[in-house]
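The next block holds one structure in the form of structure tokens; read it before the comments.
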Amino acid sequence: MDYLDLGPYSSASGTVRLPGSKSISNRVLLLAALAEGETTITNLLDSDDTRVMLDALGKLGVKLARDGDTCVVTGTRGAFTAKTADLFLGNAGTAVRPLTAALAVNGGDYRVHGVPRMHERPIGDLVDGLRQIGAQIDYELNEGYPPLRIKPATISVDAPIRVRGDVSSQFLTALLMTLPLVKAKDGRTVVEVDGELISKPYIDITIRLMARFGVTVERDGWQRFVVPAGVRYKSPGRIMVEGDASSASYFLAAGALGGGPLRVEGVGRASIQGDVGFANALMQMGANVTMGDDWIDVRGIGHDHGKLEPIDMDFNLIPDAAMTIAVAALFANGTSTLRNIASWRVKETDRIAAMATELRKVGAIVEEGPDYLVVTPPEKLTPNAAIDTYDDHRMAMCFSLVSLGGVPVRINDPKCVGKTFPDYFDRFAALAKA
């Protein structure tokens with residue numbers, strides 16, 4: 001097995017420019033593909049998840065021209081030209097869910113599948129929502145999970161569409177992005193959310209990006225959304241992808257644990273991503289954080305004792321960045337509790353189980369619940385722990401921070417970071433000092 005040994009490091013400082021946001025990159029690619037006109041996308045993330053989206057769009061007949069982190073997309077005016085396609089989408093939820101919805105109303109024969117883990121990640125709530133408007137979608141293996149077979153269908157909207165919001169916000173995102181393509185009797189479609197909507201900031205990203213492409217979604221709280229029906233997305237001409245706020249969390253934590261000063265460029269006060277809220281959680285734990293419109297600085301910890309304060313917080317809004325808090329909790333002077341993180345169980349791996357297992361390897365006492373994690377740090381971190389990463393990019397990046405505790409750590413299968421941040425470990429090593 002491939003592995004990477006890190007540390008021991010005693011400090012971290014410098015400046016890092018973030019790669020483009022995964023969530024924004026894949027949304028913008030699909031919107032540009034469906035729009036009227038040509039869109040130039042800059043700072044597009046180059047990673048496994050964006051590559052599978054680009055490959056799929058190419059197979060669907062979308063004209064794409066890539067040059068470094070810039071991509072010029074020629075829109076299809078709302079309908080893909082390829083009416084049959086077999087689409088492999090890896091483990092990219094940001095590609096599988098929105099593309100499934102767009103294909104369901106495109107009048108073609110499609111197969112959507114991915115890696116084995118993708119076939120364990122639920123999609124039934126989205127399929128149920130699409131079937132309400134007449135979509136013909138069949139499960140190839142297990143009910144409620146990919147692979148999917150999508151067939152031509154007569155699509156019509158007669159009543160509000162209901163979708164569950166408590167498993168993944170990507171189901172709602174997929175519906176919102178697709179519904180403008182569908183005609184409705186009174187020129188609008190209503191989507192109603194059953195249960196509490198999780199990861200609300202990701203829906204905010206979707207609505208803001210749709211607006212950039214000329215389609216305005218009205219919402220009543222987070223339970224009812226009104227989407228214009230039978231309209232065309234219009235290219236904004238140029239659009240820049242902001243830095244990935246989830247990826248920022250590792251460097252911000254490094255600036256706290258390693259003393260800093262460490263500056264992250266590409267996200268800040270003006271960001272449309274909810275995961276910039278990670279900086280506020282870090283401040284609650286005692287880190288010295290300052291923020292500009294598109295940068296965040298961290299300069300160590302503001303306590304004389306030099307340790308973070310423990311935290312007890314609801315992380316429903318920022319589940320991805322919350323993983324970094326779980327590892328930062330190793331450096332606190334007491335027990336931390338991460339609440340409302342049930343969505344971790346259906347991500348790239350069961351992140352609650354994986355995080356509990358690996359935190360114990362470095363000496364933590366961990367209590368694992370259905371939707372919470374309680375982390376009590378050890379007196380001293382266990383050196384030379386071999387961290388398993390479960391083919392989950394965020395597990396690998398989170399546990400790199402252990403090396404800032406003055407102990408070496410081994411990361412197994414480090415290449416899994418290719419999903420969102422292929423050169424993460426090079427960037428981390430450039431900032432960490434022995």
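Every residue gets a Cβ built from N, Cα and C, even glycine.
Under the heading active site, proton acceptor, Swiss-Prot lists Asp320, citing sequence analysis as support. Here Swiss-Prot flags Lys22, Gly93, Arg121, Gln170, Arg351, Arg394, Lys419 as phosphoenolpyruvate binding site, drawing on sequence analysis. Taken from Swiss-Prot, the feature 3-phosphoshikimate binding site applies to Lys22, Ser23, Arg27, Ser168, Ser169, Gln170, Ser199, Asp320, Lys347, supported by sequence analysis.
Of Arg27, Ser199, Asp320, all annotated as recorded positions, the residue with the shortest Cα distance to Arg351 (phosphoenolpyruvate binding site) is Asp320. Cα-Cα distance from Ser199 (3-phosphoshikimate binding site) to Gly93 (phosphoenolpyruvate binding site): 14 Å (rounded to the nearest whole number). Our reading of the phosphoenolpyruvate binding annotation (Lys22, Gly93, Arg121, Gln170, Arg351, Arg394, Lys419) yields a largest Cα to Cα distance of 19 angstrom.
Within the set of recorded positions Ser169, Asp320, Lys347, the entry lying nearest in space to Arg121 (phosphoenolpyruvate binding site) is Lys347 (CA atoms). Among the recorded positions Arg27, Asp320, Lys347, the ones whose Cα sits within 10 Å of the Cα of Gly93 (phosphoenolpyruvate binding site) are Lys347, in sequence order.
Arg394 (phosphoenolpyruvate binding site) is 10 Å away from Lys347 (3-phosphoshikimate binding site) when you measure Cα to Cα. In sequence order, Arg394 are the binding-site residues from Arg27, Ser169, Arg394, Lys419 with a C-alpha within 10 Å of the C-alpha of Asp320 (active site, proton acceptor). Around Ser169 (3-phosphoshikimate binding site), the same-chain residues at least 6 positions away in sequence with a Cβ under 8 Å from its Cβ are Leu197, Ile198, Ser199, Lys200, Tyr202, Ile203. A simple Cβ count within 10 Å picks out one of the binding-site residues Arg351, Arg394, Lys419 as the most packed, and that one is Arg394. The two recorded residues Arg27 (3-phosphoshikimate binding site) and Gln170 (phosphoenolpyruvate binding site) have their Cα atoms spaced 11 Å from each other. The most crowded of the binding-site residues listed here (Arg121, Lys347) is Lys347, judged by how many other CB atoms sit within 10 Å of its own CB. For Lys22 (phosphoenolpyruvate binding site), the number of other Cβ atoms no farther than 10 Å from its own Cβ, over all displayed protein chains, is 27.
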